[in-house]
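Some notes on the structure that comes next.
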Amino acid sequence: MYSLLSHNTFGIDVYAERFQEYASVEELKTLIAQGALTTPFLHIGGGSNLLFVKDYEGLVLHSRIEGIEVTEEDERSVAVRVGAGVVWDDFVGYCVEHGWYGTENLSLIPGEVGASAVQNIGAYGVEVKDLITSVETVNIHGEERVYAVDECGYAYRDSIFKRPENKSVFVTYVCFRLSKEERYTLDYGTIRQELEKYPELTLPILRKVIIDIRESKLPDPKVMGNAGSFFMNPIVPREKLEALQQEFPRIPFYELNDGRVKIPAGWMIDQCGWKGKALGPAAVHDKQALVLVNRGGAKGSDVLALSDAVRASVRAKFGIDIHPEVNLVGK
């Protein structure tokens, strides 16, 4: 048995029957050819978007494919090919250092580049799908395929790579197109307010502001186990919002292009009185109600029980189902 304690940011002490890393497409293909994936398997990135509910009875695979390669460049933009095992925030830092615009609002999001393309990570008005041009993969038969971005089925925190039928499709590289021309996204959260503290706006300053905002709201997984936002913000028809506004006139919301609205799940959880509350060794964070934390010694089942209780409260008060953004393993 192999401990996965260092491979999940929730800090859940669970075990896998076997654990295997690979550092290249060739190594992955060799594992496949040797029959290593004939038993149950799970492919993970940085473990920052997982909750292990129990030990994993099978093989856990982890990519260590590295590298950031410029494949095309002109005066206006740059195309880069990035290994799935590159730490996401290291890639963001690299982009900012080189003056490439696009990733900066996604600073400090935990995890790795491969998982960013699977999950369609997003923050502060930016989603990674808007930067991706293609995703390179290998399937369980050892066959390589490149998915153009419009083949990836991207939606809010979703892609075709999350579907059960694509469980055996492994992301190996992600290709991005980034701008070399000044292009900022500032109208989200408290970004503009925080920028007033600085005499000018630059990429490094915006990255610092994003990091400061995140650190002020979100606990450090190295200190208190968590997986960032545990729940997705629900998207509802405008009619549902208007009905809720009768009872909750101050309910916050964000307009979407298709006429629907997104309601902050954290606000609803807070309205249900859960912020800062614990259920055994698991708790709702006292600064950001979207975040569930391991106060120490929690099992995955403890966090899941808290999640279920929070969801039931929101459903009872608002008539809305909120769903985990975190992937539940072993439920």
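Using the three backbone atoms N, Cα and C, a Cβ is placed for every residue, glycine included.
Residues or ranges marked as domain 'FAD-binding PCMH-type' by Swiss-Prot on the basis of sequence analysis: 12-181. Residues or ranges marked as active site by Swiss-Prot on the basis of sequence analysis: ARG157, GLU325. Positions annotated as active site, proton donor by Swiss-Prot, on the basis of sequence analysis: SER229.
Overlay of Swiss-Prot feature records on the structure.
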residue : record                    : Cβ within 10 Å
ARG157  : active site               : 18
SER229  : active site, proton donor : 21
GLU325  : active site               : 20
Legend entry - Overall pLDDT for the domain 'FAD-binding PCMH-type' (12-181), taken as the rounded mean: 96
Inset, instruction - According to DSSP, folded down to helix, strand and coil, what is SER229 (active site, proton donor)? - result: strand
